[in-house]
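Inspection log for the structure reproduced underneath, given as structure tokens.
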Amino acid sequence: MATWRISCQARSVLSAAAAGFRAGATRTRRASSALGDPLQHSASGSFTGVSRSPSENERLTEKERLRNDRLTTSLFTNSRDFSTAKHEERRKTCDVETMAESGADEDVFDEIKLRFLSFKKNKFLKEAQHYQTLAKIQSPKFMVIACADSRVCPSNIVGFEPGEALTVRNVANLVPPSEFGPSETSAALEFAVKSLKVKNILVIGHSNCAGIEALMSMNDTESRSYVDKWIINGKAAKLRAKSVAAHLDLDQQCKHCEKESINESLKNLFTYPWIEERVVKGELVLYGGYYDLVNCTFEKWTFYFEGRMPGEGRKFSIRDRSFWR
């Protein structure tokens, strides 16, 4: 198995995380107030994946729990920069040894193989009829646009099962306007909406987003890398965050922009005529979601299209806000 070596005590970190979780709602409300965040928290609403109890074979052994405890500590690394040097510096600070660097005789795919075989035994074979049906056709109710960050997997966070959500992931969960031309995101949207006829689109952003910090730190005069050319799609969100949170430090500005960028992506969806048409007809509903990966909380809201106003363009509102903790 892969070896992960953490210099700090995993249990202490998890205890601190639990304490932070209990205080999370208070801190979030204070931050929202300071930032003028339009997403007010609400305890109402429900948006979880398929709820089920784990089978006997799926329950973790003590050894697996300890390994997961060690892996959990990696969530507290503040990786908000695409700089290889800075990432390496943080890696050394946390003293994390990855699979590729362990020097162990075991192949790095050994654990992945075991996970696959476990999936086949505990899921595929036990639900054979369901998976045979999925092999013939998919009919997802959701289209999900999420960040490419390795710590933010929609299937893990909200429990989507195979066949429930068509998912596309990119840096900073951005949706470019249709006039910017084709991209993997616009292609996935077209397939999901026009061919699969999904009923819901959910854009999920998250805390500690490296793409958003790169956007907030980027100067317009800099030479453009692939990342720069992509994240510029969130420039309008950056400008709003800089304006509203100008008196706050970069970390708080980024937190504000992380949420602004979700709504900017939702607004950009309306630049695709076949999306606006279906929303107006009531055939498609758009949602925003924000995952705090440190405190493990989730905010969800409905992005409502009010219509086109003469001389003002499209008008939107935020409804049905929920805060799950």
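Each Cβ is built from the backbone N, Cα and C atoms, and glycine gets one as well.
Keep in mind the model is a prediction, meaning the values are calculated, not measured.
Copied from TrEMBL, the annotated features are:
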- 31-62: region 'Disordered' (REGION)
- 41-54: compositional bias 'Polar residues' (COMPBIAS)
- C147, D149, H206, C209: Zn(2+) binding site (BINDING)
By the DSSP assignment reduced to helix, strand and coil, which category contains C147 (Zn(2+) binding site)?
strand
Could you name the residues, excluding C147, D149, H206, C209, of the same chain that surround the Zn(2+) site, i.e. Cβ within 8 Å of the Cβ centre of those residues, in sequence order?
A146, A148, R151, V152, A172, N173, G205, S207, N208, A210, G211, I212, E258, Y291, L293
Going by DSSP, give the three-state secondary structure for H206 (Zn(2+) binding site).
strand
C209 (Zn(2+) binding site) has how many other Cβ neighbours within 10 Å of its own Cβ?
26
Other CB atoms, at most 10 A from the CB of C147 (Zn(2+) binding site):
26
